[in-house]
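Report on one structure; see the data block that follows.
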Amino acid sequence: MTDHKPSKSLPKATAKRLPQYYRLFKSLVEENVTRTNSQLISEKIGVDAATIRRDFSLFGELGRRGYGYETKVLRDFFGELLGQDQETHIALIGVGNLGRALLHYQFQDRNKMRITQAYDISGNPLVGTQTDDGIPIYNISDLEKNVKKSDIKTAILSVRKENAQEVVDTLVKAGIKVSLNFAPIRLKVPSDVVVQSIDLTKELQTLLFFMNDNKQ
């Protein structure tokens, strides 16, 4: 297989499908399936076969015509792309209802990501304590200083939208280049910083649209 890495110009839609591909090939290997093809992959993940072949072509020769794809090879390939061979430490900013749920989410049971620090404002009674798993919850004023001293490379923002820009600015100063944002606001960041935003209200409204549309 040709050794290819994705370029920074990899389409965003393709990048979003990478975890799906990794999970599928990991599952197939665990089921002792040694080989598959784009049609079978399509049936498993609900993406059309042509799109899958186009995605894979961006990385070089991941398979062979008439032979298909070796599941273990592609599991390892996509796992490496997604950094599954290294542990990723995450800072969580905002320990409200959503933040507390994220603190208890077992990222590490599924991959090598784990929250190692959490932050909130001084008015939150959890500040100065730690979770049952030993994750310290710091005052937000210590964010830049602590992150700079740590090996944290990514962050999750679970804060009010009016505070989100200030928080991401602080993260950028601390050297964080990748963040997941749950605040319903578009954040302004430098061109070398990536922010993936998830607006839960917007996602639910979209689902409601499809639900109502199906009734007609």
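Backbone N, Cα and C atoms are what each Cβ position is placed from, and that goes for glycine too.
Straight from Swiss-Prot, the features:
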| type | residues | note |
| --- | --- | --- |
| DNA_BIND | 20-59 | DNA-binding region |
| BINDING | G94, V95, G96, N97, L98, G99 | NAD(+) binding site |
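In this structure, of the binding-site residues G94, G96, G99, the smallest number of CB atoms within 10 A of the CB marks G96.
For the binding-site residues listed here (V95, N97, L98), the lowest count of other CB atoms within 10 A around the CB belongs to N97. Within the chain, the DNA-binding region (20-59) has long-range Cβ neighbours (under 8 A, six or more residues past its boundaries) at 2, 4-6, 10-11, 14, 67-72, 74-75, 77-79, 81-82, 84. Regional average pLDDT for the DNA-binding region (20-59) in the model is 93. DSSP assigns G96 (NAD(+) binding site) to coil in the three-state reduction, placing it in neither a helix nor a strand.
Residue counts for the DNA-binding region (20-59) by DSSP state, with H, G and I taken as helix and E and B as strand, are 28 helix, 2 strand, 10 coil. Excluding the listed site residues G94, V95, G96, N97, L98, G99, the same chain places R100, A101, L102, D120, S158, V159 with Cβ atoms within 8 Å of the centre of the NAD(+) site Cβ atoms.
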